[in-house]
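Asks: Quick one: the structure is below, and I'll ask about it shortly.
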Amino acid sequence: MERRSDKPIKVTEVCLRDGSHVVAHQFTVEQVQKIAQGLDEAGVHYIEVSHGDGLGGSTIQYGRSLVNEMALIEAAVAACKQAKVAVLLIPGVGTVHELKQANKLGASLVRVATHVTEADVSAQHIHLARELGMEACGFLMMAHSAPVDKLVEQAKRMESYGAQAVYVTDSAGALLPEGVRERIRALRDSLDIEIGFHAHNNLSLAIANTLVAIEEGATRIDGSVRCLGAGAGNAQTEVLIAVLQRLGIEVGIDLYKMMDLAEDIVGPILPHAQEINKGSLVLGYAGVYSSFLLHAERAGKRFGIDPRDILLEVGRRKAVGGQEDLIIDVAQEWAQIQRAGV
Ligand SMILES: CC[C@H](O)CC(=O)C(=O)O
Ligand SMILES: [Mn+2]
C-alpha cells in the first residue's frame with residue numbers, strides 16, 4: 001500500500017474508554033489494571049481511559065461509573081511501563097479541573113472532542129493541555145455529518161489552538177470508504193499536523209476505512225481490542241495489527257500478545273459478543289452516535305417499542321452527542337403514536 005505519510009503509525013487503544021459504553025461504565029480497577037498491563041506489554045502506544053463520554057461523564061444523563069475514573073486512570077498509569085495513558089474530554093462534560101487532575105495522575109495526552117461543527121469550544125482545553133505539558137489532539141465527532149470543507153475549517157481551528165493532531169471521528173460508523181478518503185485527503189492537504197482516524201464497525205467497514213485513512217496519510221489510528229467499543233465496536237485492534245503486518249506496515253505491536261489479551265482477558269468481560277446486530281447496523285445506516293445504542297435499547301424496553309424506530313428518528317433529527325435525553329422524548333412520542341394507531 002502506498003502511504004501519503006512516512007511518519008510511523010501510532011495506535012490508540014480505546015477499549016477502556018469507548019468500551020466503557022458497552023459495559024454501562026462498570027469497569028473495575030482490576031479489569032482496567034489487567035487490560036492496561038496487557039496492552040502495554042504488547043507495545044500499544046496510547047491507552048485511553050475515561051468514562052465513555054469522557055472526563056466528567058459519570059452522570060445520570062450518560063450513566064454513572066462504578067468506579068471514579070480518576071482511580072481507573074491511576075490504575076492504568078501504574079500498570080504501564082511504556083504506553084502513554086490518554087484521556088478524552090468533551091468541553092462542558094469535562095472541565096479544566098478534571099483535566100488537571102488526570103494530568104497529575106499521569107495522563108499525558110488529551111483528546112478534546114467536539115461535534116464536527118463546534119471546534120471553537122476546544123480552544124481553552126487544548127491551550128491548557130499544552131501549558132500542562134500534555135500532548136493535545138482534536139477529535140471531531142460525527143465527521144460524516146459535515147461537508148468536507150467544513151471539516152477542514154474546523155480542523156484548522158483546532159490546529160491554531162495548538163492541537164498536535166486532529167482526528168476524523170466516525171462516531172456513527174456511517175462513513176463509506178470514499179467518504180473517509182476525501183476527508184483525510186483534504187485534511188492532509190490543508191494541515192501541518194498529524195491526522196487521526198477513529199472508526200466504528202457498524203457497517204462492517206472499520207478496518208477497510210482505517211486502511212483508506214492510512215493510505216491517505218493518517219498516522220494516528222484508533223482500535224479497540226475484541227471490538228470493545230460503542231455500537232459494534234471500533235476497528236478491532238488485533239485484526240488491524242494482523243492486516244497491517246500483511247501489508248508490510250510495522251507498528252511495533254506484538255500480534256500474539258494482542259490476540260491472547262483479546263481471548264483471555266477482554267473476551268470474558270464482554271456482556272455479549274461484539275457483533276453487528278440490528279441495533280448497531282441501524283446506527284451506521286441512520287448515522288446515529290454509537291454510544292446511543294444502549295440508551296435506545298433501554299428506552300425501547302421501557303416504552304415497548306422497537307429500538308430501531310427510535311434510532312431512525314434520532315438520526316432524522318440529526319442528534320449530536322450529549323442529546324441522550326432526546327432518545328427518551330422520541331421513544332415516548334413514538335409509543336404514543338403507536339398506541340393511537342396513527
Ligand atoms: C460520547 C463520546 C463518544 O463516545 C466519543 C467517541 O468515541 C465517538 O464519537 O466515536
Ligand atoms: Mn467512538
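Including glycine, each Cβ sits where the backbone N, Cα and C put it.
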Asks: Looking at the Mn(2+) binding annotation from TrEMBL, with H198, H200 already listed, which candidate in D18, D40 is the matching residue?
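Replies: That Mn(2+) site, as TrEMBL gives it, pairs H198, H200 with D18.
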Asks: From the candidates S58, S160, S171, give the one listed by TrEMBL for the same substrate site as R17, D18, H198, Y289.
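Replies: Record check against TrEMBL: substrate site with R17, D18, H198, Y289, extra candidate from S58, S160, S171 is S171.
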Asks: How many other Cβ atoms sit within 10 Å of the Cβ of H21 (active site, proton acceptor)?
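Replies: Other Cβ atoms within 10 Å of H21 (active site, proton acceptor): 25.
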Asks: Give the number of CB atoms, excluding that of R17 (substrate binding site) itself, located within 10 Å of its CB.
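Replies: Looking across every protein chain shown, the total is 30.
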Asks: Ligand 1 is in the model; which of the binding-site residues R17, D18, S171 have a C-beta less than 6 angstroms from one of its atoms?
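Replies: Those binding-site residues that pass the cut-off, since their Cβ is under 6 Å from ligand 1, are D18, S171.
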Asks: Around ligand 2, within a Cβ distance of under 6 Å, which of the recorded positions R17, D18, H21, Y289 show up?
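Replies: Going through R17, D18, H21, Y289 in sequence order, those close to ligand 2 turn out to be D18.
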Asks: Pop the mean pLDDT for the domain 'Pyruvate carboxyltransferase' (9-259) in here, whole number is fine.
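Replies: The average pLDDT of the model in the domain 'Pyruvate carboxyltransferase' (9-259) works out to 98.
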Asks: What whole-number Å value do you get for the CA-CA distance of D18 (substrate binding site) and H200 (Mn(2+) binding site)?
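Replies: D18 (substrate binding site) and H200 (Mn(2+) binding site) have their Cα atoms 10 Å apart.
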Asks: Given the Mn(2+) site residues D18, H198, H200, which other residues of that chain have a Cβ within 8 Å of the mean position of their Cβ atoms, reported in sequence order?
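Replies: Checked against the 8 Å cutoff, the neighbours are V14, T169, D170, S171, G173, A199, D222, S224, G229, A230, G233, N234, S290.
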